[in-house]
Amino acid sequence: MSENSTFSTEDSCNSSYKPHASNLRRAGKTCSWASYMTNSPTLIVMIGLPARGKTYVSKKLTRYLNWIGVPTKVFNLGVYRREAVKSYQSYDFFRHDNEEAMKIRKQCALVALEDVKAYFTEESGQIAVFDATNTTRERRDMILNFAKQNAFKVFFVESVCDDPDVIAANILEVKVSSPDYPERNRENVMEDFLKRIECYKVTYQPLDPDNYDKDLSFIKVMNVGQRFLVNRVQDYIQSKIVYYLMNIHVHPRTIYLCRHGESEFNLLGKIGGDSGLSVRGKQFAHALKKFLEEQEIQDLKVWTSQLKRTIQTAESLGVTYEQWKILNEIDAGVCEEMTYSEIEQRYPEEFALRDQEKYLYRYPGGESYQDLVQRLEPVIMELERQGNILVISHQAVMRCLLAYFLDKGADELPYLRCPLHIIFKLTPVAYGCKVETITLNVDAVDTHRDKPTHNFPKSQTPVRMRRNSFTPLSSSNTIRRPRNYSVGSRPLKPLSPLRALDMQEGADQPKTQVSIPVV
């Protein structure tokens, strides 16, 4: 793959359509209005010296965006480099005067960007995170040129850190176990990696918000969230990214998640409602109090929902707690306080629909798991800001929270096993979350329903509906359209019904066209 073929510039715009002059930025004769379309994919470009937490931010941000339903993927340049150079020798590979290595590193960047393009155009990706140092203006300009040619938005995230303790801790926690350093002792790894950082410092050009980079969209994160500098945020997604990055921290803490004690409705097999604790539920609450006292957790906060069963569980702890309405259990609408057998008898169609696509299914007059994720987003933001915390919630709520911390997709989320009287201890680590389950030896009923094993033919899959408004969410016969209009061309006109039918039935349609996802 050559550089010229990767970043070719279109020679002319569509001759049959001449748009009026506008004040939009243009690159040569290329019409660039498409890069400002609201639904254009966004390329997040990380910037910073090694050991500044770029990969930590990349993975965490990707996990959050996927959780809220925005298809996102990380492209780590280190992975591409290790594919190209199988054996890492020393920091000499990163010297700016090592011409052969510089060519390899640039070629790896080009290959990664081509994969970004394929992800956007062929896999319906919405956001790609380009995880690399990108410390020179030359490299960043190359990325900007690539994005303009393909009508992608660009948002830079620069991580700046001058705290030697933070840098050293990052090297020891993450880099010692890096594939670059197999079977090496810590002292040698630290020495080599510090020299690698010095190689990057020679050519490092930070973002310049006052002059050279004043027109770019970016956020500078200084000393792991001590200060922030935000410049020219373009859209809703970028504002959400900024808000998220301003809430996360890296201080050690533990998050405890558990459901309320067994309730009277749990014993009857009923869903929803606002029943109190059973005898065994009260036993669990006392066992939970004893467990927390033994742990001697400093400055522990306790959150509950506003439903009776979580409040009664927290009351037994003898500590201050906060009630959150948004932690209430999923709203089952007309099915509240019914057993699954009763739902199947009274609403057989609804029962079958929920089994087909549990994440998207919305109870009539109630909520779906997708709705619940949106409702819980403020909880995630606050959890990211907190220290040690215990959240006493409900089965569906706990599934959503666990899916965020464990990076589980929409298919897995509604079927995560969250038993009664089990505590999940989550400890954030470098690139993920360590999970421990703690049993307090108090019996309880099993409220888990496994995923149905039967498969429905696509021809039998109904149109998904908003159950309380009967507004279609999507059609099983989606008309496929190009992800983005080609640069310089007239936006496609709406299809007539006959033409739409032709497109659905025709066998000669382009294979690379994809439907436009709604975010």
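Backbone N, Cα and C atoms are what each Cβ position is placed from, and that goes for glycine too.
In Swiss-Prot, the annotation phosphoserine falls on S469, out of S58, S469, S489. For the beta-D-fructose 6-phosphate site, Swiss-Prot lists R105, T133, R139, K175, R196, Y200; matching the candidates R81, R82, R186, R227 against that entry yields R81. Per Swiss-Prot, the residue from the list S8, S486 bearing the note phosphoserine is S486. Counting only the Cα atoms, the space from G272 (beta-D-fructose 2,6-bisphosphate binding site) to N266 (site 'Transition state stabilizer') is about 9 angstrom. Counting only the Cα atoms, the space from R105 (beta-D-fructose 6-phosphate binding site) to H260 (active site, tele-phosphohistidine intermediate) is about 53 angstrom. Ranking the binding-site residues R139, R196, R259 by how many Cβ atoms sit within 10 Å of each one's Cβ puts R259 at the top. Checking the recorded positions (R196, R259, H260, N266) against H394 (site 'Transition state stabilizer') with a 10 Å Cα-Cα cut-off leaves R259, H260. Spread of the beta-D-fructose 6-phosphate binding residues is 24 Å (greatest Cα-Cα distance among R81, R105, T133, R139, K175, R196, Y200).
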